[in-house]
Structure formats: C-alpha cells, structure tokens
C-alpha cells in the first residue's frame, strides 16, 4: 500500500513538473542589448567608459557606455527599461558590432502574440507630418500588444491606445521611443540604441606637473584615433609621393587680417590665418580640379570632386584626427572661420562628429601653430594632395631696389600622389594659391 501511494504521488509530481516545464515564462525575461552598426565600415570599438554597472536600473535612452571607434567617440544609449544583469566587456576592452554589450532584465511578457499579423507592404510614400500627431496604421489590430509596464503607464497617462502605435522593437514590441514619437515629443531621426557623439565629457585637464618620468617600460595599446592613423598611414606608404616647396610674402595678408579681425570680433568670430589659407586653396582648386580628387580602390579612375571638402590635420588629446570643412567653394572666409572654430572646439573635447570625418577631398596641415617651417606631409588616401603650412617669420629680403627689408615670410610644403598628379600641375596650383595670399583682396573678386 505504501509503495502504491508513493508511486501515485510520484506520478502526480511528474505530471505537475511536466506541466510547469511546458508553460511559457511571461515575466522578467533577460535580453541582450547588442552594439548596433555605427557605420563607415567600423567592425569593432573600444569601450572607454561604462555609465552603468550590474544591478543598476536603466531606462530607454539612458546612456550605457562610451566607445571609441577609429574615427570618433560615441555614446551608446539603451532601448530597454529594466535592470542591468551583466556587462560583457571591461574598460578599454574591444567590442564588436552585433555582439552583446549588456544583459537587461526587463519587465513584461515577451512571448509572441498567439495570432501575429502579417503587415501588408505599402508602396505609397509616407505622408508629411502635421502639427497634430496622426495615428499610423495599426500594427496590432490582431493579437496582443507587446509593451513593458513602464510603456503602458506612459500610454495610459497620455490617453493613447497602444494598438495605434507602431512598435519598432522585436516582434513589433512598442518601445518608449515609439510612444514619444507618437506624441511628437521625440525627433523622427532619433533611434533606439542610438549612437550619439558624446556631448558631456570634457577633455582631461592638464595636471600641475607637465610630465611624469617613466620608471619602467609601459606597453600602450594602439586605440582610437591613433589606430585610425596606423591604418591610414600604412595605406599611404603605397603612394609614390611628389614634393614641392615654396615661400610666400604674407605682408598684405597680415594687414588684411588685422583689418578684418575687429569686424569678425563684432560677429563673435575668432579669425585666424587658417580660413584665408583654406579659401585660397578652394579658389585655386577651381582652376586645378584634378587636385580636388580621390582615387578608387583599384586605381582605375580618378574622381574629380565637385565639392571642396578641405581636411585639416588636427592635434587632439586623443591623437591626430582629420575632420573637414564641407563645401568651402560656397563659403565666405567668415563662414569658414566659424566652421573651423567649431571643429577645433570639438577636437579639444574629443567630440568630433562622424559626418565631419568623411568625404574629404583635399588636405591642409598647419604645422606653424606648433613650430617649424618646412615639412614632408603624407597624402591622406584616397585623396591625391596635401599641403603643410609653416610658421610666419620676419625675415630679411631684397626689395625691387635691392634694399634689405623685413618681410613676413611663410613657407609651404606640398605633396601629391605622383601616380595621378604631375609636378607641373602641383607647381601651378601652388602659384595660384600663393597669388591669392599675396593679394588677399583678389579673393573678394571671386566671391559670388
């Protein structure tokens, strides 16, 4: 009898366990938040800083971590509400696109709806947005709407039917961002798991001691901008370089800038010499478009670029970075100065945006800010030409009467890809650039 009872009890327990194991878990699931595609062919990034730790409560749009790609510092924001259960990488570790950054335990049911609806493909263009939000076609007319309690609470507080909100999460899940978009509180170009260039971190302040002697050898990982420089310069070694040097009398430019400096100050514009160098280069490129070019990967074509996106080799706390000022041929000297100042400020804070680093067509490097006269700049592939500008020096020169007079002299060093640029073209371009700097008022004649 006792054995029979035990067998009966065991059978009931087995059936109960079987029933429990076949039930779907409908609460507190753990999801992986993965590193989304940053773009520009970037496959991996370095984790510079975590803004969360295991056990922290996190919400949608909260910052998760800051990563450093070869081109820019990027802040990764979350797309879930929940609790951080696991961090997958250490600080300074490398994370690959598509791999998990963190595990998040989220509230709500993640099981698929019993009768998922297949959305019909629409060929009609999206209607323009009006001031009052218009309900999109329901994506949840059949089955259960997937959303966390936090999202449902926002919907209830704003008297919104979640069935009218198109979910962009997995399996049509409605995210907080979707509800806020529906309310018109979030710009349309904001995306979950967005990668925003950081805006809060400042460049590290220098300590009172300018250096600290090393007591032993230190291995420094090649990361961030330096890693990008390694790749670029390795490619540049494949280019046969042609060099050309010259000097420019910038007496007139010094006076011209002094006249405009106060006028620029009234407009809150810091006016250095660099905007003049950039504008003069752009005007000269109009006459020699073969220098405002890029080559294709197979070296079968040289693409003459319509836009003058002039790159500036910039020294930053994170290493060398080469952003560019777009459409210099359409900008005035003051407009170029404003854009230059923006890039310089962003470089100091390591906040250079990705769009500022792409599509460059020609490069200038102002080594004169640090010192030096001549240099041997390296072409920035796939571009075909670069110039290095030395410091302005007061040097003795002969006037037309053979008298020795003091003259403001600036030296320039050009380098070009000798596979596609001949020496004569580089020399003629340099002469035209030199003419505009020695006669700065001539630049005004070119303005439209």
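We count from 1, first residue shown onward.
Backbone N, Cα and C define each Cβ position, glycine as well.
Per Swiss-Prot, CoA is bound by 272, 315, 365, 366, 390, 392; the candidate from 257, 331 named for the same site is 257. Record note: among 108-146, 147-185, 108-146 is the stretch given as region 'Disordered' by Swiss-Prot.
In Swiss-Prot, the annotation region 'Disordered' applies to 191-211, one of the ranges 86-106, 191-211, 212-232, 233-253. The number of other CB atoms found within 10 A of the CB of residue 422 (active site), across every protein chain shown, is 12. Within 10 Å of the C-beta of residue 315 (CoA binding site) we count 15 further C-beta atoms, all protein chains included. Around residue 418 (active site), the C-beta neighbours below 8 angstroms that are at least 6 residues distant in the chain are 239, 240, 241, 242. Neighbour list (residue 366 (CoA binding site), Cβ cut-off 8 Å, at least 6 residues apart, same chain): 274, 277, 312, 313, 388, 389.
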